[in-house]
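To keep things clear, I will list the structure first and then write my remarks on it.
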Amino acid sequence: MLKFIIPTMMLMPLTWLSKNNLIWINSTTHSLLISFTSLLLFNQFNDNSLNYSLTFFSDPLSTPLLILTMWLLPLMLMASQSHLLKESLTRKKLYVTMLIVLQTLLIMMFTATELILFYIMFEATLIPTLIIITRWGNQTERLNAGLYFLFYTLTGSLPLLVALTYLQNTTGSLNFLLLQHWTQPLSPTWSNIFMWLACMMAFLVKMPLYGLHLWLPKAHVEAPIAGSMVLAAVLLKLGGYGMLRITFMLDPLTEFMAYPFLMLSLWGMIMTSSICLRQTDLKSLIAYSSVSHMALVIAAILIQTPWSYMGATALMIAHGLTSSMLFCLANSNYERIHSRIMILARGLQISLPLMATWWLLASLTNLALPPTINLIGELLTVMSIFSWSNPTIFLMGTNIVITALYSLYMLIMTQRGKHTHHINNITPSFTREHALMALHVIPLLLLSLNPKIILGPLY
């Protein structure tokens, strides 16, 4: 794992020592090279003899998320260029450094073997994200958003630390690989029930579960483009990854403890999809759509069948790429029109026809059209939830219809209609932006040719 962690850390001196006109090109090309080397991890055996150490390891569950994290850094750097055009040189370098620090922490988090190291990295990702949101966001409300983000996630994950110390006392170890084989079932005592809640709460806030989701739209809307991308694509997946890792250790409590959370996530899925239909703010709409997609993942993980686990991992990867692409598109609109309100940005298809193609592709992947990887994830999760309980098919069906509705609503509001008079002199789209969109779409389409590499350890 060090062959990814060390080069990523060395991107920091590279950024600070680069010549002024080479900051972007140096950091982007080198991070792209690192992300290409990370693709070697896909060629993996089940026994992990190749990349196992006492501190860092990777298995078929963490590998796809790891590669998604590394793939996203060059894309974030490409997306941020015009956002930072008027900033001073030190601030540009600081911004890039923050992104690199965040990426390093995320790599260490996805590959940690010890639960405490996992927890420390889980918390440490808050700091660079908070700095990115509160320093480079667009409106003044970013301070409020940063506060929400910090306190929701901190208060959610403090009980996890207590639960981990309790686990250490009862089992004598906090190693993932040992605890997976620790077969003693937990008895349903009060202390164990509280431990279950403490373990799950941190990840449910991060996912976010409906009801604990209020920080997400705020943070997304106020963050700069790179902040939104990394928040949607990777930071929400920390919750899913943590749940997938820790549910193995909490058997058989999850079977009866999960019911209220399952109901809440299935209901929240419908609610947040419906909220999307009433949004005027483009970024807010995409943020709420992430909440509804992640609710499906929560439900799938809590059911705990092999199919639902596979569907959850596939859906997490697919959603990471899709929502990141939607935020990039929203940002390219914002840079030209300087407003996130959809009514002010309509009729853009006439001015930017090639961008309209990307908008169409992104909307279709968002509503899980074949042959994208989103379809595979949704099929597996919907089928496993249906076989767990038949009446849920009504909730699922409603959700799929509403998802299609808001995706098409977003497409039609931004691309069709009579364009408003202040859009007459907008700048044409750049090659950089088209490359950015292509680098989001190509993995989505290629993964559908060979989806088994992202279906997790149970495939």
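Numbering starts at 1 and runs along the chain as displayed.
Cβ atoms are placed via backbone N, Cα and C, with glycine included.
Through the fold, the transmembrane segment (22-42) approaches residues 3-4, 7-8, 11, 14-15, 51, 58, 63, 66-67, 70-71, 73-74, 77-78, 81, 89, 92-93, 96, 100, 103, 453 of its own chain, all at least 6 residues removed from its boundaries and within a Cβ separation under 8 Å. According to Swiss-Prot, the feature transmembrane segment maps to 22-42 (among others).
If you look up Swiss-Prot, you'll see 60-80 (among others) marked as transmembrane segment, on the strength of sequence analysis.
What Swiss-Prot lists as transmembrane segment is 92-112 (among others), and the listing cites sequence analysis. Under 8 Å from some Cβ of the transmembrane segment (92-112) lie the Cβ atoms of residues 1, 4-5, 8-9, 11-12, 15-16, 23, 27, 31, 55-58, 62, 65-66, 69-70, 72-73, 76-77, 80, 84, 118, 121-122, 124-125, 128-129, 131-132, 136, 176, 226, 230, 234, 238, 241, all in the same chain and six or more residues away from its ends.
Annotation comment: Swiss-Prot describes 113-133 (among others) as transmembrane segment. Same-chain residues lying 6 or more positions outside the transmembrane segment (113-133) and placing a CB less than 8 Å from one of its CB atoms are 53-57, 95, 98-99, 101-102, 105-106, 142, 145-146, 149-150, 153-154, 157, 160-161, 164, 167, 174-177, 179, 202, 219, 222-224, 226-227, 230-231, 235, 238, 242, 245.
The transmembrane segment feature in Swiss-Prot is assigned to 147-167 (among others); the stated evidence is sequence analysis. Residues 115-116, 119, 122-123, 126, 129-130, 133, 174, 179, 191, 195, 197-199, 201-202, 204-206, 208, 212, 214-215, 218-219, 249 of the same chain sit 6 or more residues outside the transmembrane segment (147-167) yet have a Cβ under 8 Å from a Cβ within it.
What Swiss-Prot records for 224-244 (among others) is transmembrane segment, and it gives sequence analysis as the kind of evidence.
Nonlocal intrachain contacts for the transmembrane segment (256-276), taken as residues 6+ away from its ends with a CB within less than 8 angstroms of a stretch CB, comprise 188, 193, 196-197, 200, 204, 209-211, 213, 285, 288-289, 291-292, 295-296, 298-299, 302-304, 385, 392, 395, 398-399, 402-403, 406, 409. According to Swiss-Prot, the transmembrane segment annotation covers 256-276 (among others), on the basis of sequence analysis.
The annotation transmembrane segment is assigned in Swiss-Prot to 284-303 (among others).
Beyond its flanks by at least six residues, the transmembrane segment (308-330) meets 61, 64-65, 68, 72, 75, 79, 220, 225, 228-229, 232-234, 236-237, 240-241, 244, 282-283, 286, 289-290, 293-294, 296-297, 299-301, 340, 355, 358-359, 362, 365-366, 372-374, 376-385, 388, 433, 436-437, 440-441, 443-444, 447, 451, 454-456, 458-459 of its own chain at Cβ-Cβ distances under 8 Å. What Swiss-Prot lists as transmembrane segment is 308-330 (among others).
Annotation comment: Swiss-Prot describes 350-370 (among others) as transmembrane segment.
As annotated by Swiss-Prot, transmembrane segment applies to 393-413 (among others). With a threshold of 8 Å between CB atoms, the same-chain residues lying at least 6 positions outside the transmembrane segment (393-413) that come near it are 266-267, 269-270, 273-274, 276-277, 282, 285-286, 289, 292, 296, 342-343, 345-346, 359-360, 363-364, 366-368, 378, 382, 385-386.
Long-range contacts of the transmembrane segment (435-455) within the same chain, counting only residues at least 6 positions beyond its ends with a Cβ under 8 Å from a Cβ of the stretch, are 42, 60, 63-64, 71, 74-75, 78-79, 310, 313-314, 317-318, 321-322, 324-325, 328-329, 358, 361-362, 365, 370-376. Positions annotated as transmembrane segment by Swiss-Prot, on the basis of sequence analysis: 435-455 (among others).
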Cβ-Cβ under 8 Å with the transmembrane segment (284-303): same-chain residues at least 6 beyond its ends
204, 207-210, 213, 216-217, 220-221, 232, 236, 239-240, 243-244, 247, 254, 258, 261-262, 265-266, 268-270, 272-273, 275-276, 309, 311-312, 315-316, 319, 323, 326-327, 330, 340, 342, 366, 378, 380-382, 384-385, 388, 399, 403, 406-407, 410
